[in-house]
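Everything on this sheet refers to the single structure shown next.
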Amino acid sequence: MALVLLHCRENNKAHNTDEISVDRLIVRRGKPFLLTLQMKTADMSALDKLEFTVQTGLQASEALRTKAMFRISPAGLANNLWNASIQEKTVSSVTLSVSSPAEACIGEYSLRIKTASSFTCDNKFILLFNPWCSDDSVYIPQESDRREYVMNEHGLLYIGSSDYIFPKTWTFGQFEQDIVDICLKLMDRNLKCLRNKEEDFSARCSPIYVSRVLCAMINAQDDGGVLHGKWCGDFSDGTSPTSWNNSVQILRKWARNYNSVKYGQCWVFAAVLCTVLRCVGIPTRVVTNFQSAHDTDGNLVIDQYRAESGRVLENDSVWNFHVWVEAWMRRPDLSGDFYDGWQVVDPTPQETSNGLYCCGPAPVKAVLEGHVDVKYDVPFVFAEVNADIVNWKILSNGSKIMLNSDTCEVGQNISTKMVGMDKRSDITASYKYTEGTEKERQVYKEAVKRGTKPLSNTPNSPPGSRNLQLKLVEVSKSINGKDINLSLVLNNSNQASKKLQIHLLAQVMLYNGVPGAIIWTEDPETLLLSSKEMSIPIQIAYPRYATLLGRNIIRVNAIVTDLDNNGISYHTEKDIVPENPKLTITTKGMAYPGSEMTAEVVFENPVSMVLTDCKVTVSGSGLLVDVQETNLPSIKPNTRIRVLVPFVPYKAGARQLVANFNCNLFTDINTSITVDVKPAHIATRV
């Protein structure tokens with residue numbers, strides 16, 4: 001029997017997969033790889049008789065492109081078929097270059113070679129998408145983009161609100177050795193595969209198909225996927241979404257018994273999908289949309305209702321932020337190449353798409369131009385970034401009065417990590433034209449025309465003479481653990497004085513736009529003299545919001561009624577995201593693979609209350625094999641704690657060590673440090 005040498009280390013390095021493993025063959029489609037056959041002399045004299053068979057999936061067939069049989073071809077023969085050519089020959093061995101089509105199905109393959117006298121054993125290898133290959137539909141031209149969107153195992157997610165944008169360090173870890181197997185298992189367990197394995201394996205040539213099925217498998221809504229979603233309440237039977245900072249931990253937990261992991265929210269769903277898509281070779285980046293609309297009826301208008309007191313009622317929601325991913329690919333299923341490039345893929349289970357909870361791939365260019373009749377799920381994404389808002393006041397008799405409308409609030413500061421730098425890149429202009437311009441309104445009307453809902457007849461402004469201006473202003477920066485101070489600024493541009501009834505209200509808003517507890521109210525009356533401005537101070541004491549924040553925000557609402565002008569009402573609001581206290585992490589020791597190092601995490605309790613249920617987690621791809629968790633029962637007021645975490649780096653290169661702190665009053669305090677792990681051969685010279 002002939003012996004096959006797969007040259008795993010050399011091949012994997014050439015195919016940019018050696019970060020996954022150098023002990024098994026993992027290659028990218030459209031690029032040759034080498035193998036050597038050691039054979040009997042009689043077989044060496046009959047190389048033209050060699051017959052190669054590669055196949056993936058059950059009941060593989062040539063008709064479905066999951067199986068190929070081929071012989072040696074002349075070197076340099078270019079075609080889009082599986083082929084092999086001779087590179088080097090000795091008396092007892094031959095080295096061959098084997099090439100796969102640039103549109104081959106990805107997955108685990110078996111390779112069998114028939115010689116003149118025998119067969120080889122089945123040799124296993126994994127084939128991935130190839131963003132380095134210009135013929136592959138995931139090809140992305142710039143090497144800097146490939147380094148960032150395929151090879152980078154660490155990144156930044158952006159959270160908070162449009163006025164308070166915070167980076168959160170995340171470990172994607174797509175090249176941890178077992179993650180590629182978990183990704184393939186995810187595909188094998190998707191509902192389409194369970195219904196028709198042959199068709200599913202055949203469709204894995206398309207990143208459009210693969211991104212859709214993996215998107216659906218990240219949430220557990222209908223297919224036993226990776227993560228259960230939960231947006232409020234008690235998380236004690238699982239892990240709070242704010243405690244995660246590492247995709248690897250989540251994917252490994254799912255792979256143990258294929259039970260969905262508790263719990264995820266949008267940034268967790270998106271980060272895990274980013275890991276999976278990068279692992280299989282699709283360039284991917286995590287994107288945050290601030291003031292993200294959830295249009296439940298598809299009319300591109302978000303109606304928001306408030307009681308006379310200013311209390312926010314249940315309605316179409318506007319999330320203070322929402323996170324999805326963009327995946328880079330061509331769209332041959334659409335006309336021409338206009339829609340090629342970045343595609344929105346959103347695994348957070350919000351609405352169904354063709355019967356499954358997934359969203360996309362939706363071309364970003366289609367969103368920009370209002371082409372909502374393009375697949376997949378463009379109307380939903382367009383509304384997320386460009387819906388109009390109408391605010392209503394609900395009276396005690398059930399009738400409603402329009403307070404104002406806003407064409408600019410939705411879709412602000414759309415953000416992703418900058419290529420090669422730990423900085424925020426604002427990509428709003430790739431989703432929408434500048435708010436307030438004629439072009440932006442033209443696109444909105446184009447979206448309505450192409451959509452399935454008629455244009456709303458909502459007036460552009462409420463009735464009556466409008467000569468009162470109001471705004472809410474922060475007096476000082478809001479810090480979590482301290483009182484919040486604002487002012488309501490009123491300006492009367494009328495020549496007559498105004499008697500005003502004012503309803504002030506502060507309410508916790510879940511980050512997905514669902515109203516929570518009311519934490520402060522005040523209802524003053526005042527006389528505002530003609531052509532004058534006045535400020536009304538607002539103070540929200542820390543104990544009022546201490547236990548309610550988490551990933552939520554404080555929304556301060558003001559409804560002002562002009563009692564001298566037919567009861568005309570005015571409205572303004574401001575979202576407050578108090579800044580969390582700082583967490584620091586440092587390291588000690590020499591950074592080489594196999595060397596012993598220690599991380600020190602420091603946190604100080606800044607409030608006059610005892611913190612309970614405290615937990616510090618530390619993780620880092622290439623630094624710690626498993627996430628390290630340290631539980632602390634309590635931290636007294638004004639007390640500083642230090643947590644020491646020993647670790648041994650196991651991969652060279654620049655690595656991110658990430659720390660998280662969570663407790664009963666503060667959640668998701670996050671920090672990181674870069675550890676530059678020198679190669680092992682340098683360590684031996686030191």
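Heads up, the Cβ atoms here are built off N, Cα and C, so glycines get one too.
In TrEMBL this protein carries:
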| type | residues | note |
| --- | --- | --- |
| DOMAIN | 258-349 | domain 'Transglutaminase-like' |
| ACT_SITE | Cys266 | active site |
| ACT_SITE | His322 | active site |
| ACT_SITE | Asp346 | active site |
| BINDING | Asn386, Asp388, Glu435, Glu440 | Ca(2+) binding site |
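Shown on the structure are the features that TrEMBL records.
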| residue | record | Cβ within 10 Å |
| --- | --- | --- |
| Cys266 | active site | 28 |
| His322 | active site | 27 |
| Asp346 | active site | 32 |
| Asn386 | Ca(2+) binding site | 24 |
| Asp388 | Ca(2+) binding site | 21 |
| Glu435 | Ca(2+) binding site | 16 |
| Glu440 | Ca(2+) binding site | 17 |
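Among the active-site residues Cys266, His322, Asp346, the residue whose Cα lies closest in space to that of Glu440 (Ca(2+) binding site) is His322. On the backbone, the CA of Glu435 (Ca(2+) binding site) and the CA of His322 (active site) stand 20 Å apart. When the recorded positions Cys266, Asn386, Asp388 are screened for a Cα within 10 A of the Cα of His322 (active site), the ones that qualify are Cys266. Counting only the Cα atoms, the space from Cys266 (active site) to Asp346 (active site) is about 9 angstrom. For the recorded Ca(2+) site, residues Asn386, Asp388, Glu435, Glu440 set the reference point as the centre of their Cβ atoms, and the other residues of that chain within 8 Å of it by Cβ are Ala387, Thr407, Cys408, Val410, Gly411, Lys432, Arg441, Val443, Tyr444. Here the Cα atom of Asp346 (active site) is found 21 Å from that of Asp388 (Ca(2+) binding site).
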